[in-house]
Amino acid sequence: MSSVAQPSEPRRNDAGPDQNQRVASVEFFVVQFLTGLASAASLFLVASGLSIIFGVTRIVNFAHGAFYMLGAYVAYTLTDRFEGFFGFWGGIVVAALVVAAVGALLEIVLLRRIYRAPELFQLLATFGVTLMVQDLVVMIWGPEDLVGPRAPGLRGAVDILGLAVPTYDLFLIVLGPLVLGGLWILFHRTRWGVLVRAATQDRDMVAALGVNQTWLFTSVFALGIFLAGLGGALQIPRNAVTHLMDLSIIVEVFVVVVIGGLGSVLGAFIAAVLVSELNAFGILIFPKISIVLVFLVMACVLIVRPWGLLGRAEGPARQPAGLSIRPWRPMSQNQRLIMLAVVVAAGFAPFVTGDYALTVLAEIAVFALFAASLHFLMTVGGLASFGHAAYFGLGAYGAAFATTMFGMPMIGSLLLGPLLGVAGAILFGWFCVRLSGVYFAMLTLAFAQIAWSIAFQWVEVTGGDNGILGVWPASWASSPATFYWLALAVSVIGIVALRVLVFSPFGYALRATRDSALRSEAIGIDRSRVQWAAFVIAGTFAGIAGALFAFLKGSVFPDNLAIPMSVDGLVMVLLGGIETVSGAVVGAIVYKALAIWLVSQTDLSKLVLGAIIVLLVVAFPKGIVGFAEDLLARRRTRADDGGSAARTAPAKATAPTSGSGAAPIAAPKMEAAR
Amino acid sequence: MSTPILEVENLSKSYGGVHAVRGVSFTLAAGEILALIGPNGAGKSTCFNMLNGQISRDTGSVRILGRDTAGLRPREIWRLGVGRTFQITATYPSMTVRENVQVALLSHHRELGRLFGFAGARHHAEADRLLGLVGMRDLAERPCGELAYGDLKRLELAIALVNEPRLLLMDEPTAGMAPKERVALMRLTATIAREQSIGVLFTEHDMDVVFEHADRIMVLNRGSLIAGGTPAEVRNNPDVKAVYLGEGSVYGGEAAA
């Protein structure tokens, strides 16, 4: 079970159950179309905000959904207190303004520190904010759903072709294009808008022209957040306000901006309409796969136009995650012996601890393997996956199917179960490796959501939300001690195998594609094939971890492949140190132990965890192992300097160098990667 | 001489009505060093990128060692025996200098698919030999991310020689280098080209480098070749003086037409 957050809610069903039963007629389709358009309005507001922020700051704001949710909650409070026409409409606008102010504060306090950081760090930091907001919202407004008032003046319904359409829906349908037009005027007819468009094309040039970038960024961020808050506030007459609405909207918004093209407001509008209509009609025509439908359309769009319908090709990617200035070395003989001693010591755990501790330790072992598999993709391959839990979860479901449907013994299930994860990685990976950077991250996230939707919706096979129970280990492995040994052995073998891969020729090919796509193509390396293979390898090991996890828990749930599980993995890698070869394992141990402890200590675990993530990104971007390596390297350098006074600067051609660690850590010269 | 290393015929490319390159034809023989020069926007880079497959061509043919390269990707053209260096260096900053060369060697021997075995131990001696050739044997253990720019340029040359190329494409090989380093690098390139009879095509803005090291020079302006020949011939060509080398003359208007 993940300790981070709840799974996102299933998408809201615009057509009520009674309407589903109705005979489909032309009139009904027209009304359904209008309902879809009304839903598109809010989606467009939120998505355009995300798009505008990305265009200028290049940050994909994961916390956008949190601000949408905040907008709804604040609007609920305001409209609840101040009734009447002005109370309601004033409350909506003031709510959006309040949220925009909070957003500006966040930009000033947090984002300004991470504008130059890799995309992954920005996504993670804003995800940390999302976690914190989730707990804060429950603290302030309580966990129950809140139902807002109806809009004064727009309470009734209009008769269209004999069917009643809420007046408020018609208002939203008109509002969408109005906002689109307003944004166009803002960007094309005001000085501020011209500056924003200029900054979208070339930030550095705008700065060189003497424009105060700092405040331009803050104002753009505030505008984007205002739109998100407004989108949330406008929802309260239509939907209940819940503390789960942030994750469901953010996934939908990601889909919209990916289809429309990041940075394009018009693209966001078209895509919002497309997605909303797909939702509205998908529920009628393909009720079983309605959630999947939108993602399928997105995958198709990305294959034809990798940067979305109206998006433009990204410039050269920023420094990818995992790129270290310090070349990696295989372990020395001594280090291997130390590792062996650690593993042997871990093997003695059952003689000194109780059953509960052993279950916890087995879980840590499973997650160490999961984190190591993500690390392989993310650090070695430079491909930050935001949906790695998909392959973990598929492996878990595979093992559960093998056990409960086909009555396989445990060993058979452990061997066959991960194949489902492998199959998923082969299929999804083929699409994902065509993209890079934030687009890769968002597509992996979307595919993980597809997998989650299937697990959630296909109740006959997966049991839906009830999961699959009774996946118990064979009798010989049923004691906590034996299962712990099994988990430890599988995990250690997996981690060693991944480490061998890092230093194999294939590992070098993978690092090559990460370091410089241009150079790799020029020396005959097929980038997408290498990255696809890496994706499948990472998916395989994640699947193995998932299969173990299923037997550890005795059950499988859709949670196992939900977003919070993916983010758990990302945080483990980051905590351990993204630039290191084996930081992920250390990160998994520390994080998992911390998370289990936190949940037992406090009700606000998400708040604490979110704060830890933000702190990590801002203060310790190199993680535990990276920090330790820095310390070691610095000490060695100092020892070197003490020995010979002659060595002053990182000398050129003639300076003798003894080894990797001894070289002074000069300022990284990353221009070469461009 | 036998079959030319590179035969370019009637190469053209336009971007939405702008003729970046039009009707360029030339050949390159083994062991020959050919410079492609011209003012900014003349079409040098477009030409180059069409030769190595980075962008597609509108018309014309490119034959490398007698083989038409139509539709081939850069990595496939590399397999034909083409080495290249970039205007802005492209190397692997997270690896050591030697590992940079080793990756290229592993690719050349088609060993990058192997999942086992320590790659750092493979082709060790061959990598060191190539690094020795460009005078970087001492820097083999250094992290590539720490190298000075001139050293990166030399490293690129070593990597370009990995697949025993017959053709070297060098896009501004000495850009960003100190004058002394420029001469040394081009001298080195010339020596290697003669010894291994490699055809070298390079673009360059430094006329000292061009006139000292090129056997033959082609001048590109507004997408078309306006002159070609030995350094002496090109130096005295009035058209070239008008559009490029200058002599107090105004930038030439219709010289290309």
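Cβ atoms here come from the backbone N, Cα and C positions, even for glycine.
Whatever TrEMBL says is automated annotation, not expert-curated.
What TrEMBL records for A:642-674 is compositional bias 'Low complexity'.
According to TrEMBL, the region 'Disordered' annotation covers A:641-674.
According to TrEMBL, the transmembrane segment annotation covers A:28-47 (among others).
Marked as transmembrane segment by TrEMBL: A:59-76 (among others).
The transmembrane segment annotation in TrEMBL covers A:88-111 (among others).
Annotated transmembrane segment per TrEMBL: A:123-143 (among others), in sequence order.
Below 8 angstroms of C-beta separation, residues 27-28, 30-31, 34-35, 37-42, 44-45, 48, 52, 150-151, 154-157, 193-194, 196-197, 227, 234, 237-238, 265-266, 269, 272-273 of the same chain, each at least six residues beyond the ends of the transmembrane segment (A:163-187), sit close to that stretch. Summarising the annotation, TrEMBL assigns transmembrane segment to A:163-187 (among others).
Annotation source TrEMBL lists transmembrane segment at A:215-237 (among others).
According to TrEMBL, the transmembrane segment annotation covers A:281-304 (among others).
Marked as transmembrane segment by TrEMBL: A:337-358 (among others). Using a Cβ-Cβ cut-off under 8 Å and counting only residues 6 or more beyond its ends in the same chain, the transmembrane segment (A:337-358) has close neighbours at 331, 480-481, 483-485, 488, 492.
Residues annotated as transmembrane segment in TrEMBL: A:365-391 (among others).
Proximity of distant same-chain residues to the transmembrane segment (A:411-431), defined by a Cβ-Cβ separation under 8 Å and at least 6 residues beyond the stretch ends, is recorded for 299, 302-303, 387, 390-403, 443-444, 447, 451, 471, 474, 490, 532, 535-536, 538-540, 542-544, 546-548, 550-551. Feature annotation from TrEMBL assigns transmembrane segment to A:411-431 (among others).
Taken from TrEMBL, the feature transmembrane segment applies to A:483-510 (among others).
TrEMBL lists A:530-552 (among others) with the feature transmembrane segment.
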Sequence-remote partners of the transmembrane segment (A:365-391) [C-beta within less than 8 Å, at least six residues beyond its ends]: 119-120, 123, 320-323, 421-422, 424-425, 428, 432-433, 436, 440-442, 444-449, 451-452, 484, 487-488, 490-492, 494-495, 498, 501-502, 507, 510-511, 513-515, 531, 534-535, 537-546, 548-549, 552, 560-563, 565-570, 572-573, 576, 578-585, 587-589, 591-592
For the transmembrane segment (A:123-143), sequence-distant contacts whose Cβ falls under 8 Å of one of its Cβ atoms, 6 or more beyond its ends: 4-5, 59-66, 69-70, 73, 76-77, 106, 110-111, 114, 117, 241, 243, 246-247, 250, 384, 386, 438, 441, 567, 570-571, 574, 604-607, 609-614, 617-618
Beyond the flanks of the transmembrane segment (A:215-237) by 6 or more, those residues with Cβ under 8 Å of it: 41-46, 48-50, 52-53, 56-57, 61, 64-65, 67-76, 79, 91-93, 95-104, 106-108, 111-112, 115, 148-151, 154, 168, 172, 175, 179, 192, 195-196, 199, 206, 245, 249
Sequence-remote partners of the transmembrane segment (A:59-76) [C-beta within less than 8 Å, at least six residues beyond its ends]: 46, 49-50, 53, 91-92, 94-96, 98-99, 102-103, 106, 111, 114-115, 119, 122-124, 126-127, 129-130, 133-134, 137, 140-141, 146, 148, 221, 224-225, 228-233, 235-236, 241, 243, 245-250, 253, 262, 438, 441-442
